[in-house]
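Okay, so here's the structure we're looking at.
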Protein chains: 2
Amino acid sequence: MSNQKLFNVAVVGITGAVGQQIIRLLSERNFPIDRLKLLASKRSAGTKIAFKGKEITVEEATPESFDGIDIAFFSAGGDISKLLVPHAVASGAVCIDNTSAYRMDPETPLVVPEVNIEKINENKGIIANPNCSTIQLVATLKPLYDRYGISRIIVSTYQAVSGAGARAIDELLSQSRDVLDEKQVQPEILPVSSLPVKHQIAFNAIPQIDKFLDNGFTNEEMKMILETKKIMGDETLQVTATCVRIPVVYGHSESVYVELKEDFDIDEVKSLLANAPGIVLQDNPNEQLYPLASEAAGKLETFVGRVRRDLSNPKALNMWIVSDNLLKGAAWNAVQIAEYIALEQ
Amino acid sequence: MSNQKLFNVAVVGITGAVGQQIIRLLSERNFPIDRLKLLASKRSAGTKIAFKGKEITVEEATPESFDGIDIAFFSAGGDISKLLVPHAVASGAVCIDNTSAYRMDPETPLVVPEVNIEKINENKGIIANPNCSTIQLVATLKPLYDRYGISRIIVSTYQAVSGAGARAIDELLSQSRDVLDEKQVQPEILPVSSLPVKHQIAFNAIPQIDKFLDNGFTNEEMKMILETKKIMGDETLQVTATCVRIPVVYGHSESVYVELKEDFDIDEVKSLLANAPGIVLQDNPNEQLYPLASEAAGKLETFVGRVRRDLSNPKALNMWIVSDNLLKGAAWNAVQIAEYIALEQ
C-alpha cells in the first residue's frame, strides 16, 4: 500500500467490544491512516488509547467531530448513529455504520464484501454493516446462490452473549460461577437489558434476542429475514429464522437448511464452499471435524461444515455455519468495507 | 388404585441417571408394586437402595434375573438390552426398553403415550421407549398432526449433556470451572466417549451427538427422523434434524419448523397445544414467557412456546419445544407406559 492515499479515520464507540476490535484490526491490517480520531461519550473523553505505539486521547463525539474525516466507523448504538451520522455525512465522510439504524433504508447499501461489494459505489455517505448473524449466513450461501439459486432458507441460531455487550459477558461468567457454587442466580442483563423480565443464561438456552414484534418474531429474527433478502438482492428469497442465545462467549453458530432451485452434486457444493472467499470448509465426519465456536473465536473467517444432502427434499441441504460475531459479524466486515473504499481511491 | 393387581417389577441399569429416575417415579407415582428387583452390573451388586422406606439390595443382572417378573425396565445400554431382554421376555415379563436396541424392530411398538398408547397391545414382550429428542417433538406435534396433517418437520436441537450420562455432566461442570479459572481444558468424554476426538463443551456448541453415518447425518439425527415416522405411523412424513450439544445440564430444547397439510388459525393451534395431554403452552411474548431448559428441568411435562406463523409459507409455523430429557425424554415416558400396562390388567 505504498504511495497510497492516506485517510483521516474516526471511530465512534471505542469503549464497546466492536469499537475495540475495529481499532485493533485497523492497526493489524495496516490501514492507510493519516489521522485517527477516537470518539466516545463525554464520560470516556480524555481516556488515552494506544495505537501503533502512539497514544491517542479519546474525544467526545459531537456533531462537530467529523471535520476533515474521510471514513467514520459507528458502533455506539442506533440512537447515536441516527444523531451523528448525518453530521458526518454532511462533513464529507463515508460512514460505515455497524448499528441497525440505516440497514433497511433503501438509500443505504447493506454490504457484505463477499456478496455485494459493488454496492459500496451506490453509497450516499452511509454504508450499513449487517447484523452479525446475517453476515456469516449470506457470506456462506452466496456461492450456492450464484451457482444454483436459492428458494428457501430456514435457520436456527446458537448465539454468543458477546453480541449483547460486555455486561452480558460478565453476566454469563459470574452467573456460571454462581451455578457451579450452588449460589442463587440473579439475572440482570439478558435476554434484553431494557426489558423487565430477565432469564438465567448460564447452563440454559434463551429463545429471545432483542424485542418481540407483533408477528411473534423477534427483532433479531426479522433482521436476519429482511437483511438476507436485501443483501442477496432477492425479495423472493424465503427466509425463516429462530434466534437463540446460548452460554457461549464468542462465536455464533447456525443450523441452516437451504432449498436450492436446481439439482446439485454435494461434492460440487463442498468445493464451491471450500473455494469461496472468506469461507473455510471444515467438514470431515470421519475425523469429527466441523466448525466450533471455541475454535472460530478470534478468527476472521466464516467456517462451514456438516454439509449434507437433505434426506426428504432432493434439492435441499443442511449445514452448520460458525463465525466470530464480533469480527466477521461486526468489526472485520466493517474494516473490510473500509479497505475496499481505500482501494478505490 | 386399591384392590388393584400388584406387579413384580425389575429395573435394569439402576446406577444410571435414567434408572434412578425410574425408581424415584415408581415411588412417587405409587406404582402398584408387589416385589421390586433392582438389577445392575456385577460391580454394583450388593449396594443397598432405599425404596419407600425399605432397603433393597442390588443384584447382578443375569439371564435368570427375571423369573416371576411382570414388568422389566431396561436402561443399561443397547448391548445389555440385546443380551437380557430376550430372557426377560421368555420369562413372561413385558420389557420397557429405554435403549435403541429394539426401537426400529418392526415387531416392537415404539410408544409415546400421548401419541400411540394403543400400540402397547401389539407388544410381543417388548415395548420400546423412543429417543429423548423424539419424544418431546412427537408429543407436542400430535394434536397438530391429528387436526391438520403434517407434511414436513425441520428441527434443530439444543441438547443437554445429561443425555450423554453422568460423566458428561461432570465434564461440563469441571470444564466450565476450568474455563472460568483460565485453566487449560482437557476434553475426555464429549461428544462421543467411544470416539477418538474430543471437543470442549463448556461455553461451546458441538454439532455432533452419537456417531456419523455415511449419509452425513449422525445416529441421533437419524433416530429423530426414523422414530418420528414410526411413532406417527406415517412414512410419508418428511423430517430433517440437526442435533447439537450445548452447555446445559438438564433439558433439551428444540427449534421446530412444521409444514401442515391444511391452512390453520394460529389461535386454534395454540388452543390445541394448550389442551394437549402432557403439554404446557408457555407463550406470551409481551411477558417474555417461553419455555426454558432451566425451568423445565425436573418437570414431567413438555413445554412449548414461540408458536408463530411462518412469514414465507402460509401453511407453516415455528415453535420452541423444551422438556427434561431424563424425565419425559426417558424415565417418565417409560413409567407412563408401565402405568397404562397396569391399568389394563
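Just so it is clear, glycine is given a Cβ too, placed from its N, Cα and C backbone atoms.
Other Cβ atoms within 10 Å of the Cβ of A:C132 (active site, acyl-thioester intermediate), summed over all protein chains shown, number 28. Per TrEMBL, the feature active site, acyl-thioester intermediate maps to A:C132.
If you look up TrEMBL, you'll see A:H252 marked as active site, proton acceptor. Its Cβ taken as reference, A:H252 (active site, proton acceptor) is surrounded by 31 other Cβ atoms within 10 Å in the chains shown.
Residues or ranges marked as NADP(+) binding site in TrEMBL: A:T15, A:G16, A:A17, A:V18, A:R43, A:S44, A:S162, A:G163, A:N325. Following the DSSP three-state reduction, the secondary structure of A:A17 (NADP(+) binding site) is helix. All chains included, 19 other C-beta atoms sit within 10 angstroms of the C-beta of A:A17 (NADP(+) binding site).
Less than 8 angstroms from the CB of A:R245 (substrate binding site) sit A:Q159, A:V161, A:G163, A:A164, A:L190, A:P191, A:I201, A:A205, A:I206, A:Q208, A:I209, each of them six or more residues away in the same chain. According to TrEMBL, the substrate binding site annotation covers A:Q159, A:R245.
Annotation source TrEMBL lists domain 'Semialdehyde dehydrogenase NAD-binding' at A:8-123.
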From the Cα of A:H252 (active site, proton acceptor) across to the Cα of A:S162 (NADP(+) binding site), what is the distance in angstrom? 10
Recorded positions clustered about A:H252 (active site, proton acceptor) [Cα within 10 Å; pool: A:T15, A:A17, A:R43, A:C132, A:N325]: A:C132, A:N325
What is the total of other Cβ atoms whose distance to the Cβ of A:R43 (NADP(+) binding site) is within 10 Å? 9
Please identify which of A:T15, A:Q159, A:S162, A:N325 has the densest Cβ environment, defined as other Cβ atoms within 10 Å, among these binding-site residues. A:N325
For the domain 'Semialdehyde dehydrogenase NAD-binding' (A:8-123), provide the mean pLDDT of the predicted model. 97
From the DSSP assignment alone, can you count helix, strand and coil residues within the domain 'Semialdehyde dehydrogenase NAD-binding' (A:8-123)? 38 helix, 32 strand, 46 coil
Between A:N325 (NADP(+) binding site) and A:C132 (active site, acyl-thioester intermediate), the C-alpha gap once rounded to whole angstrom: 5
Look up A:S162 (NADP(+) binding site) in the DSSP assignment and reduce it to helix, strand or coil. helix
Would you kindly give the Cα-Cα distance separating A:C132 (active site, acyl-thioester intermediate) and A:R43 (NADP(+) binding site), rounded to the nearest Å? 27
